Amino acid sequence: SPLRPADAVVAKLKLDLFVKSLKSGAMLGDALGDDDQSVSGDSMSEWRSCDQIDNGSPSTSPPFWDTDGEDDDPGPCPSNLFGRHTWRIQNFSKEKKREMKSEPFEAGGFKWYILVYPQGCDVSNHLSLFLCVADHDKLLPGWSQFAQFTIAVGNLDPKKVKYSDTLHKFWKKEHDWGWKKFMELSKIQDGFLVNDVLEIIAQVQVIREKVDRPFRCLERPYRRELLRVYMTNIEQIYRRFVEEHRSKLSNLIEDKMRWSGFCAFWLAIDTSTRYRMSREKSDVILKIIVKHFFVEKEVTSTLVMDSLHTGLKALEHQCRGKKGRGKLMDLEELSAPMVHVDMDTFALAGDVLALLERAALEPLPCQPLSPKDDKCSQSRTKAGSSGEVKVSIEHEEKRLTEFGQKILETFALSHIFSGIEVAYQEAVSLKRQEELIREEEEAGLLESEMKGKRNNTTEKEKRAKKKQAKQKKNNRKVKDKDREEKSDSNFAEKDQDESTIHDSEDSKQAGQVAMKVDTSEEGDKIAQPVNGVNDVGIET
């Protein structure tokens, strides 16, 4: 966007002075004086940090959420932790040293210096630039410090100033950080050298990290400078986060069976339990959200923290109904919050069922800009043109606050809902367990009945088998008796027959004996005469 009229006049005056200095052969610093030491340095401040205007009206005093002194923490504010240093290297093209160090400067209670490698550090044909902690070997053991810093190389054309931003945690083994390939040496002559002077500007924001709640990271001008560059990135982070949580809620609502079950579960809970489950300690939520969004080496982390910090203040302001101080914020434009900040607690602002449907279906507060319409990001320098849409930096900071508040509301709602969902899942599991127990009991009863029936059938079968066995046994006994009787009769007949046979044989034998006796008697009778003859006729 264009410069303010007064700034445009100053810029034109500086350019005229610069041209005169070139003609006279004087040094640029001498031509501009002590206050304005370089065109490129001042241009950086103008083009990256100047307040833009709406309808030609200059910006007014910042609203309550845009000040550094409103933090509840009594520690130093970001403006007291910020440092800026400009280093102008004379006769740069003739410099033969491998590395060069600037004079130390202070920021956030630490001493820093810029380290430059004119011919590149471990690379060729590049200018290497680093920010270093001075006297790091003399610091207490275990020291460390987060710092966001920007290093820039000035140029006659403010649009061509070369910037690089980063966030780093400095400590014993990483006490220097920067870029080996900051820029190609072949581009140095493209307006970066003026009378063989190279101007390097460092801005260092030491960050007093707080792990328990969102905190203000950046002093106001430096924040606005970075916001102009990274606003699109912040919006993408916001959209990814909100869409991720919205998709989970949408999936729940679209699953009619699960949603109806959850609604029935919630409506069956008594009022006191609902009240208790709809709240969470703010320390718990804020600590989790800081851990989630403050990412080391992610340059947008500081802007996100500032967004969450101002979003929390705006949410508190809305909940308390303060008036007067927020006149520039137009809180009425924001939708009613889904959560309230009540003392040290986040509480749902209504019934959880209605809030979940609202969070899943409510459109996002602002639509992403297309690349051709993104006039306020990815560029630190703006050239005003007749057809260009002017967007005030205050409007962008308001959007930043809106993103932070929406992230906090979404995160708090999701966190509280997750606790309710756990209770719901436990209830579902308990109900399922009870159903399984009932099914097992019913199965046991059915099995007992079946077993009883089987036992009755078995008893009947046993009795029938026993009866059959007894019948068979009786039949066998009858048969055996009949067989025995038959056998006895057979034996009697046989005995009778045998006795008859014996009697006949005995009689036959008796007859034979009698006959034998008779025969022997007859023989005796016959023999006697023979013997007589023998006795008479033969001598024995």
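Glycine is treated like the rest: Cβ placed from N, Cα and C.
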Region 'Disordered' per TrEMBL - which of 369-390, 391-412: 369-390
Per-region confidence, the domain 'MATH' (82-204) (mean pLDDT, whole number): 93
Three-state composition of the domain 'MATH' (82-204), taking helix and strand from DSSP: 12 helix, 69 strand, 42 coil
